[in-house]
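Structure first, commentary second.
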Amino acid sequence: MAEAELLLSARWLLPIAPENRVIDDGAIAIANGRITAIGQRQELLAQFPNAKHQHLAEHVLMPGLVNAHGHAAMTLLRGCGEDMPLMDWLNNRIWPLERSLVSPEFVQDGSLLACAEQIRGGITAFADNYFYPERIAKLIQQTGMRALLACPVLDFPMPGCADPKEAIAKTLKLHDDCRALPLVNVAFGPHAPYTVSDEWLTQISTYAEELGLLVHMHMHESAAEIEGSMQQYGMRPLQRLENLGALGPHFVAVHSVHINDDDLLILKRNNVQVVHCPESNLKLASGFAPVAKFLEHGIPVALGTDGAASNNDLDLFGELRSAAFIGKALAGSPTAMPAETMLQMATLGGAKALALEQEIGSLEIGKSADVIAVDLSNLNLRPIYNPIYTLVYGAHRDDVSDVWVAGQALLRNRDHLTIDTKALKTRIQQWQNRIMETLNEQR
Ligand SMILES: CSC[C@H]1O[C@@H](n2cnc3c(O)ncnc32)[C@H](O)[C@@H]1O
Ligand SMILES: [Zn+2]
């Protein structure tokens, strides 16, 4: 039996796959950043007597959560566009701010804030679609997180890119540059059906197929988007993309709120994946995604926060609880969106949306040790009859105590190990002052 460097044990272990079981007094062994054994604590202690051992007596050990859609640097715009519908929010508040403010430094600081918030809340991997992604790639190495990065493609000039041609070229370069980074992967990020024309969607699709890359795109988010598409193209966006040959298992339809029966069939027959962002959809009053129907049809679903300007937090525990409650109410049945399904969605579902389901999303032998410990000792979580229900319906992101990615500790006993939070706060205050000035000028 090979040696293990680290043995993590806890009151409960939730591997998520191959089965959704709870192992009482469970443990995992880790060597070279990978899980090499899983079982009972006593068993693994006997098997690996020389491994460093960390026991978490009142905790659940589970796979890290995966935030399958966001715009990390938008943390700096948290609170800048409140109580506005999507198109008004984008056209009249967010895009003017982004055009004035977004720079490599903005992306660096805003993304670091997002990494700190996500690690603290048990998120170990995230999909990001934002300007200057090369800056985030560097940052990822510093924070120890895992990410799927995309460069936004829009028909008009945006920070860092004059046009779609440049954005696509930047994506290809990023893909090349990140080959050597084990925690970074690259995807295409066409913004939305109303901002990317057919020519560029076709080109992206060709490159994605050739290189085996994912395409993450906002789809069917608002009623206005569908109406606009009917007027401009005489068909709904999913139909348009299917006609262009742009859909497939590599295509990740973020939001998918306004979905009729025909859309559902299009998603299904093209094996498209969906990312559900319930809190962003609630805040922008975009609507309710038919998630229970996606699940009934076998359409893979992951969870995302979207950016902090439309949420306003990057809290996947909050997101999975909101998703469960909305799903039950919409279905008119408390049996819809059960707790086990929600945990799977936030872990293995997210891993699949990042094309990393062979690597992360569950605690299984051979997978990367992307692990979190959730402390269930708080009185408000007691008594505990089944830790799965406690996690989904009771626990909060603040209950996360420890986080590891590829076996490296990023959070210990609620303290960051890879981020200087004091220095970060100072930088964020500076940005707040600057953004306030810009907001006042633009009002
Ligand atoms: C191509 S992603 C970057 C681009 O998208 C904007 N954005 C952020 N959240 C949303 C959303 O929910 N729908 C549409 N567009 C969104 C962000 O501000 C960037 O400009
Ligand atoms: Zn988004």
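Cβ atoms here come from the backbone N, Cα and C positions, even for glycine.
Pulled from TrEMBL:
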DOMAIN    26-51  domain 'Aminodeoxyfutalosine deaminase/Imidazolonepropionase-like composite'
DOMAIN    60-409  domain 'Amidohydrolase-related'
BINDING   His69, His71, His218, Asp306  Zn(2+) binding site
BINDING   Glu98, His191, Glu221, Asp306  substrate binding site
DSSP residue counts for the domain 'Aminodeoxyfutalosine deaminase/Imidazolonepropionase-like composite' (26-51), split into helix, strand and coil: 7 helix, 13 strand, 6 coil
Cβ under 6 Å from ligand 2: qualifying binding-site residues of Glu98, His191, Glu221, Asp306: Asp306
Nearest recorded site to Glu98 (substrate binding site) by CA-CA distance, among binding-site residues His69, His71, His218: His71
Candidate with sparsest Cβ neighbourhood (10 Å radius) among His69, His191, His218, the listed binding-site residues: His191
8 Å Cβ shell about His69, His71, His218, Asp306 centroid, Zn(2+) site members excluded: Gly70, Asn129, Val254, His255, Val275, Cys277, Ser280, Gly304, Thr305, Gly307, Ser310
Residue with minimal Cβ packing [other Cβ atoms within 10 Å] among the binding-site residues Glu98, Glu221, Asp306: Glu98
DSSP three-state assignment (helix, strand or coil) for His218 (Zn(2+) binding site): strand
Per-residue pLDDT averaged over the domain 'Amidohydrolase-related' (60-409), given as an integer: 98
Whole-number Å value for how far Glu221 (substrate binding site) lies from His69 (Zn(2+) binding site) (Cα to Cα): 13
